[in-house]
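TrEMBL lists Lys33, Tyr253 with the feature active site, proton acceptor. Sequence annotations record features per position, and here TrEMBL assigns substrate binding site to Arg129, Met301. The feature domain 'Alanine racemase C-terminal' is assigned by TrEMBL to 232-355. Taken from TrEMBL, the feature N6-(pyridoxal phosphate)lysine applies to Lys33.
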Amino acid sequence: MRPARALIDLDALRHNYRLAREVSGARALAVVKADAYGHGAVRCAQALEGEADGFAVACIEEALVLREAGVRAPILLLEGFFEADELTLIDQHDLWCVAHAQWQIEAIEQAQLSKPLTVWLKLDSGMHRVGLHPADYQAAYRRLLASGKVSKIVLMSHFARADEPECERTSEQLAVFLQAREGLSAEVSLRNSPAVLGWPQVPSDWVRPGIMLYGATPFEQAQEHAALLRPVMTLESKVISVRELPAGEPVGYGARFVAERPTRVGVVAMGYADGYPRHAPTGTPVMVDGQLTRLIGRVSMDMLTVDLTDLPQSGLGSRVELWGKQVLASDVAAAAGSIPYQIFCNLRRVPLHYLGN
Ligand SMILES: Cc1ncc(COP(=O)(O)O)c(C=O)c1O
């Protein structure tokens, strides 16, 4: 069997979820969209279900996978519905939905429902992706209330730059939100992971942690609360071949690495077809038998190469951690010009093994 695999530590996931709740003092929807950022949405949701206040996914397809697996907790559709007829399924499966556009308000008004819905009314406070314009927000709220189709409205917005601690844009977005919701007495949800960890002054009855659940920091710099996160995924494999190269010999496609000295090269069963970033350059950190070394040469589809020159005890069969508790996914991502969100979501082909219940 090919030794490439990802270990998913469910105790670490629960630890990170509890941290989100403790730091924010709010109820938390665990964001498990995109297959829980590559960690397996069903298993992650099941591991959290006893304690999570609910879950958030991008769309109804993702929600139905959780319902079919027996997840009964509230599930919020972060992008709401794409067609009005999805409201029937939303009703049938007891889903909560975001409304971010006028046409969705109208569709809710006209829907035939068996019971009133929980709607999270999204304001565009400055990210300019989705959400109602501030000038339309109160009218939309009143229309929903008057429709008789809604039992609860949560007021929400999303930050564009909460991962930049010094940036004023988050305070500006907050001010837009506070003004738009003036006089409305409804619960509020504003904070994603960076806002949970770094913006305690932002009010929230509900928070929406995603990346922090998986133990990766959304910040580029060290941050007090992010330091308490525990990485959930360990991507690992083994050395499957060793080469001794004299100085001057190249390694791999494009000869992107040429040995400057006699070099022991370990070939690892892991490549970009598994989701390891192809753009990770020579020097990207990697652990072999618990010792730090570096990636060398180009990452290929099924294999990559590491420097074993200073690790004489390591060789065929040595365990390799590509990212996990020792090599942080955020460091690998940064080296490859990416972010941990993307490298987790890109994971494929490798089997997931779950640790803890
Ligand atoms: C509306 C909304 N809330 C929360 C999240 C979770 O964000 P993060 O992973 O940064 O915590 C996302 C993710 O993109 C989102 O779109």
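Here the Cβ of each residue, glycine as well, is placed from N, Cα and C on the backbone.
TrEMBL labels come from automatic prediction, so no person has curated them.
What you see is a predicted model, and the numbers here were worked out from it, not measured in a lab.
Sequence features, as recorded in TrEMBL, placed on the structure.
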| residue | record | Cβ neighbours (10 Å) |
| --- | --- | --- |
| Lys33 | active site, proton acceptor | 20 |
| Arg129 | substrate binding site | 9 |
| Tyr253 | active site, proton acceptor | 11 |
| Met301 | substrate binding site | 12 |
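Cα separation, Met301 (substrate binding site) to Tyr253 (active site, proton acceptor), rounded: 11 Å. In the domain 'Alanine racemase C-terminal' (232-355), helix, strand and coil residues by DSSP number 19 helix, 46 strand, 59 coil. Mapped onto three states, the DSSP output places Lys33 (active site, proton acceptor) in helix.
Each residue contributes its Cα atom, and for Lys33 (active site, proton acceptor) and Arg129 (substrate binding site) these two points are 18 Å apart.
Tyr253 (active site, proton acceptor) is 40 Å away from Arg129 (substrate binding site) when you measure Cα to Cα. On the 0 to 100 pLDDT scale, the model's mean across the domain 'Alanine racemase C-terminal' (232-355) is 98.
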